[in-house]
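Now, the feature entries from TrEMBL:
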DOMAIN    22-380  domain 'Peptidase A1'
ACT_SITE  Asp40  active site
ACT_SITE  Asp249  active site
Amino acid sequence: MIASRSVLKPPNKLSFNHNVSLTVSLTVGSPPQQVTMVLDTGSELSWFHCRKTPGTPSVFDPTKSSSYTPIPCSSPTCRVRTRDFTLPVSCDPKKLCHATLSYADLSSVEGNLAAETFRFGDSAVPRTVFGCMDSGSSSNPGEDSRTTGLIGMNRGSLSFVSQMGFPKFSYCISGRDSTGILLFGDANFPWLKPLSYTPMVNISTPLPYFDRVAYTVQLEGIKVSGAVLPLPKSVYVPDHTGAGQTMVDSGTQFTFLLGPAYTALKSEFVKQTKGVLRVYEDPNFVFQGAMDLCYRVGLNRVGLPVLPTVSLVFRGAEMSVSAERLLYKVPGMVKGSDQIYCFTFGNSDLLGIEAYVIGHHHQQNVWMEFDLVGSRVGLAEVRCDLAGQRLGMGL
């Protein structure tokens, strides 16, 4: 329970940076230590590295903080509030609450739960529960070396936004200068278009494949330049096991669709770009393990050709993905006189996940609002670099 909840005067804002992930900087502890964390709407527990290892230059040192409090196994926080974790917590030899977190990209971290004072903007929130992680394995060590940890923003009871007690938060990711804005509280700005809202899908019965604390929305269809993919609505609806939910996940870079939807989208996109783009024919090349539609683009070409827009149709709202957001240049890959670009939608089946995942690449230049009280997600197209400048000026 956070005693100082009433002290927070929204909106509090933080700026963030992203190259492959969205990162925010906060200060934690007494005296304050700065930590850099990846913003992740797809997970619950916030954590950072607490032990210095090669490759994690900026880490939090709990021994230097007077407000650091480890959480014992016997506490209700350990026994009750960890129920939505993907793996059950355990008790370490010192009778402290031990958590192991694993992610879809096969990375994992483990360590102890603790409480500490988190500061952002003008607010200081004591006794915020987080994970003090001392070991882990990663699929992307280069990226991790610049990041201390992860800020969990889903709807679980121990997520950062749940602990802060904010009714809503928003973010806006700029596609241009790798910066953005994260805002806690209401976003009432005259320059922001009215948001289109889509309700969150809530299933109270525990189902084996349904993440109850994710930001789940209902995908109802996909269009390529106005042509609706010829798929039954049932393809987009979770089945009796909960498999097939659609999650908005800022911790995932690209967007992943279940097999039937992915195959239909790939086929329609190839059809509509015939004569405009040359498919890279290499059956053994799959970018990031799940993206098997790639193209050859001449090294001397300036810009990409005009591409058909892909629209994700939700109940009550639509997200359009166009131009350079549809293709991603594979770093350092050249074949003859061509660079390789891959389609930014991947196949969930190849990743081994039973869900549709809307990643942050397709949320660029969209104002994304997560309304926890109203149980809905709002979106509006906006130039996020300009929004960041306006907010920076206090508008």
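Here the Cβ of each residue, glycine as well, is placed from N, Cα and C on the backbone.
Asp40 (active site) sits 7 Å from Asp249 (active site), taking the Cα positions as reference. On its own chain, Asp249 (active site) has Asp40, Thr41, Gly42, Ala214, Tyr215, Val357, Ile358, Gly359, His360 as residues at least 6 apart in sequence with a Cβ closer than 8 Å to its own Cβ. Predicted-model confidence for the domain 'Peptidase A1' (22-380) is 89, expressed as mean pLDDT.
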